[in-house]
Amino acid sequence: MASLLKELPSMSTILAAYASLSAMAMLIRTILNEMIPKPMQRFINTKFSNLVSKYLSSNFTFIIEERWQAVYNETFRAVEVYLPTRIGPSTDKLLLGSNDINNPTSPPKRKIPSDCKIIDEFEGITLEWTLHVKESEKYYIPDKKTYHLTCKKRVRELVEQKYFPHIAKTAQTILSKREKLNIYTYNQDRSRWESAVFKHPARFETLAMEPELKQFIMDDLDSFVGRKDFFENVGRAWKRGYLLFGPPGTGKSSLVAAIANYLNYNVYDLQFQSVRNDADLRRILTSTTNRSILLIEDIDCSTKISKDRGKLKNDREKEGEVGRTDHPSAIDPG
């Protein structure tokens, strides 16, 4: 045993060898960084990571982008609503904020910050979520957001077939019970919708309207909400449109607010003056969400876009569309 210990190298020899190897590695790394262009380095790193992941990793990653085939990705929105409810002890950071200017002391809303990991459990499976954000180089182009869901390869099919529908149903339940509504206005300079808390006192119970007409509108709304499957079966978009007209002060805005409060739907308030062209209008409409009201103000003031509405009416399935004007005779009857 003593002779064996004598043959082992001393600690100083081991440290000297380690220092030499480290210096050589740093020298080689410096030479490679100088000789190989950055794009080629990133390409090699990506290929090497993919190779290691393919043959050595047992994990699988789902990627959910914010946009899907030129429209807003409803799976992304469902995940965005669902994940704040799954925050637990393993979550290391959290984004808080409030846009309720009428009640600044109310509890802030939760959102998931970039690179935050959230662990979820589903039918005994451990799932890891991460939000990735790629900042835009131009202020008027939104940042690119993607959610990454990592699981074991062996449960990939179960996650796709059961877990994602579970998220969609949970998110729908959360949205149906939301206590606060939002009103969105379109910011032309930044090319996106911006929200504020929608608090309007108008209700059908307090609305100054003939009782028969009021009951007719409420019954029509109830019938529309309960017939989603019928619309799908007959191949029609699930949406309902109303044209409100009359002089200022006759209650058009109050009726829209009463409908929003009755259905518990957010409101998207669109001014046609902020629309540049047909392509811009199509992109604006497809960036709104389902179960919402699209309010088009003064629809008679933009005849050119109004004439092209027939080409755009199927671009998005809206739950409610309301046009408002003070001059109904100025609208193209087509």
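In case you wondered, yes, glycine gets a Cβ from its N, Cα and C as well.
Lifted from TrEMBL, the feature list:
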type	residues	note
DOMAIN	36-132	domain 'AAA-type ATPase N-terminal'
DOMAIN	242-306	domain 'ATPase AAA-type core'
REGION	307-334	region 'Disordered'
TRANSMEM	12-32	transmembrane segment
Key: Model confidence over the domain 'ATPase AAA-type core' (242-306), averaged pLDDT   = 84
Task = Using DSSP, break the domain 'AAA-type ATPase N-terminal' (36-132) down into helix, strand and coil residues and give each count.
result = 31 helix, 31 strand, 35 coil
